[in-house]
Amino acid sequence: MLLPSLTKRSASQLPYLHQYQLPVFDFLAPCLATRISQSPRLHFSTSRRRRRAEVQSTDNGSLQATSPKVKTALSDEQRKFLESALRVNQAGELAATLIYTAQTPPIVKAHPHLRPLMKHMYDQEAGHFSTFNNLLAKHRIRPTAMYPVWQFAATALGWTTGIMGREAAMACTEAVETEIGEHYNTQVRVLLGWLEETEKKGEEVPEEMRELVEQIRKIRDEELEHLDHAVGEDAKEARPYELLTSVIRGGCRGAIWISERV
């Protein structure tokens, strides 16, 4: 009989009932609680792993990017080759300027139309001479001891062939440029071989070496241009052509051999 009267009372009239709330037994509750508690940990740990991987890859990339290649050093043999090559080149360009200086007055007097060509070839030879002068000074390489001899010989050759006429002067240019062109070709092949060998070793090629190869290539091409001009101006009509060119080419080879060593 008391139950009906009790159930009609409101919860506010029975405050002591709030102290005894029944637990909710739901089979999903433990699973949800576990997922809620573990999910952020999984997310955080994955994020940390990703961040670590990114940092490591960035560090590795920066190390690879910033780690410089080992710079190669010239061997004694290579250094000697360069010294002798630059010394010969400077002596050869000196001789070329003196040959054109001696040839120009008689040739231009007899053939005024050749003045621009003679000036063009002389200006290029003077530029080559200046280039090798600067390289010798930069690397502290002594000029050949035969300097005075080559000065006299080049002036005499230029004056003699100039007096002999246009064809002889051009035959002289053809002979000299043939030997000089082959000489520069040899130097370019040797230097390119060094660069290829250095790159295969994974070493850094000095920028100065690349610049030197390009300088010699450019000078060689201009020398061969002079050869073409000479042939175009009837160099092969010189008399005696074979004897004249053979003597001049032999003299060039001898001068190169001596200048490499003295």
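Counting starts with 1 at the first residue shown.
Each Cβ is built from the backbone N, Cα and C atoms, and glycine gets one as well.
Site annotation (TrEMBL, ligand Fe cation 1) includes Glu125, His128, Glu223; from Glu93, Glu196, Glu197, the additional listed residue is Glu93. Per TrEMBL, the Fe cation 2 site holds Glu125, Glu223, His226; the candidate it also names there, chosen from Glu77, Glu177, Glu179, is Glu177.
Annotated Fe cation 2 site Glu125, Glu177, Glu223, His226; additional same-chain residues within 8 Å of its Cβ mean position, judged by their own Cβ, are Ala96, Met121, Gln124, Thr173, Val176, Ile180, Gly181, Glu222, Leu224, Glu225, Leu227.
Comparing the Cα of Glu177 (Fe cation 2 binding site) with the Cα of every entry in Glu93, Glu125, His128, Glu223, these being the binding-site residues, the smallest distance points to Glu223. The number of other CB atoms found within 10 A of the CB of His226 (Fe cation 2 binding site), across every protein chain shown, is 23.
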